[in-house]
Amino acid sequence: MAEVLPVWVPDAFELADLELLLSGAFAPLTGFMGAADVESVTARGRLADGTPWPVPVTLTVPAEVVAGADALVLQDPEGVPLARLTITERTPHGDHLTLAGPVEALSTPEHGPFRRLRRTPAEVRESLEAEPLVVTARGPIDSPEEITALAEELGAPIVLMPLIFGEGGPAVVRASLAALDKLPAGTRVVAVPLAPRDDLTLDLELREHVAAAYGAAEHYAAPEPAVIPGPPHRRGLTVFFTGLSGSGKSTIARGLHDALLERGTRTVTLLDGDVVRRMLSSGLTFSRADRDLNIRRIGFVAAEVTRHKGLAICAPIAPYAAVREEVREMVEQFGDFVLVHVSTPLEECERRDRKGLYARARAGEIPEFTGISDPYEEPDDADLVIDTTNISVETAVNRVLDHLVTRGWVR
Ligand SMILES: Nc1ncnc2c1ncn2[C@@H]1O[C@H](COP(=O)(O)OS(=O)(=O)O)[C@@H](OP(=O)(O)O)[C@H]1O
Ligand SMILES: Nc1ncnc2c1ncn2[C@@H]1O[C@H](COP(=O)(O)OP(=O)(O)O)[C@@H](O)[C@H]1O
């Protein structure tokens with residue numbers, strides 16, 4: 001019988017690293033690193049065997065995914081199996097494991113913008129008559145004369161290598177294609193999915209290694225692009241309300257929604273707790289797992305709205321800090337995130353008991369009711385905290401609106 005292996009979808013950063021491990025661009029690495037290599041690379045910039053290598057290349061998965069398995073299939077987000085990882089080492093990190101071991105390709109990725117410009121190092125080396133000048137870039141190629149002069153001096157063909165990752169990737173490729181006009185005939189463009197490392201020196205060193213794998217006679221690193229975020233009123237934004245049932249989330253969220261529509265300066269999507277429960281999340285319960293899934297779904301939609309430069313307003317209870325943090329991270333990939341804690345105390349929410357749910361929860365008719373028989377983790381990272389006990393709805397809405405106007409998100 002065919003072996004049934006567990007499957008896992010690595011995050012975007014790990015998937016980019018995986019592609020380079022499989023293509024040979026990360027040679028001599030052939031798989032994800034184990035603890036000894038990670039420690040050695042971090043301390044000395046060398047693998048445990050002494051080979052120079054600048055940064056860790058690791059894969060982390062929830063421990064339960066690989067319980068009892070000695071191999072794992074790595075898939076892309078659409079479910080295409082990309083590689084088989086033979087697990088040679090597992091290092092615990094809380095309830096996750098960092099897995100080490102060699103990877104072996106199961107299929108060739110076919111999708112993604114400018115996929116036709118991807119080449120393995122072997123393909124590029126074979127196709128060139130001489131070792132090239134490899135120009136890696138994360139932004140525009142702003143010194144074509146200098147690159148041309150260097151290539152002439154070396155007598156080398158030029159390989160322009162846009163390093164693509166995330167939303168900005170296609171723009172980097174377009175910038176390289178646009179530069180072809182100003183570079184010698186025969187210059188080619190090879191797109192490489194190299195995820196950027198935070199430490200610029202190490203990032204540069206990694207670029208050197210990748211260029212070397214592509215057979216570079218010399219590596220020219222195009223300067224880092226200046227990152228100028230757009231003005232706040234043009235950036236996407238998610239305003240995320242959290243608080244107990246009856247605290248006032250929906251009321252304030254609707255008031256904010258209306259106020260923004262009246263101003264007419266932004267497009268707004270309201271993802272109210274109850275509405276989401278009927279539409280996106282119908283069928284889910286109030287167990288921790290289902291609440292987390294509900295919040296992740298809301299976060300996914302809010303992140304998409306934010307990516308398209310819209311303004312998303314979310315108003316679920318969202319009682320758990322960890323998944324609120326996940327949503328913040330999902331949204332901040334594309335824009336800004338404001339957390340509003342509607343901190344109206346339980347006594348006041350229970351006194352209001354608009355839907356009679358607290359009475360039923362006290363009577364034991366609703367199990368796992370937030371604040372009564374289920375936890376609410378107070379945020380310690382809220383941008384605004386609003387207790388609605390003694391203020392009007394209008395005042396509460398204006399506090400949020402004033403915050404958005406003061407910070408420039410709304411005009
Ligand atoms: N067990 C339990 N605990 C809390 N709330 C309950 C429960 N059962 C039903 N309800 C009703 O569902 C609304 C909360 O749904 P949310 O999607 O916002 O909750 S969560 O964020 O997924 O925890 C909440 O609505 P709001 O009052 O608007 O907050 C309740 O009306
Ligand atoms: N300042 C205020 N802001 C929001 N709601 C308020 C305020 N003062 C009183 N309320 C009342 O509190 C209740 C809050 O209910 P709701 O907005 O549905 O809460 P949640 O969405 O958090 O469950 C409403 O009946 C609302 O009229």
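Placed from the backbone N, Cα and C atoms, the Cβ positions cover glycine too.
Quick look at what TrEMBL annotates:
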- 5-90: domain 'ATP-sulfurylase PUA-like' (DOMAIN)
- 235-387: domain 'APS kinase' (DOMAIN)
- Gly243, Leu244, Ser245, Gly246, Ser247, Gly248, Lys249, Ser250: ATP binding site (BINDING)
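Under 6 Å, Cβ to nearest atom of ligand 1: this is the test, and of the binding-site residues Leu244, Gly248, Ser250 it is passed by Ser250. Of the listed binding-site residues Gly243, Gly246, Gly248, the Cβ environment within 10 Å is emptiest of other Cβ atoms at Gly246.
For the ATP site, the Cβ centre of Gly243, Leu244, Ser245, Gly246, Ser247, Gly248, Lys249, Ser250 serves as reference, and the other residues of the chain with Cβ at most 8 Å from it are Ile317, Val342, Thr344, Cys349. Figure note: comparing Cβ neighbours within 10 Å for the binding-site residues Ser245, Ser247, the maximum is reached by Ser247. Counting only same-chain residues at least 6 apart in sequence, those with a Cβ under 8 Å from the Cβ of Lys249 (ATP binding site) are Phe241, Thr242, Gly243, Gly273, Ala315, Pro316, Ile317, Val342.
The local packing around Leu244 (ATP binding site), expressed as other Cβ atoms within 10 Å of its Cβ over all shown chains, amounts to 23. All protein chains included, Ser250 (ATP binding site) registers 20 other Cβ atoms within 10 Å of its own Cβ.
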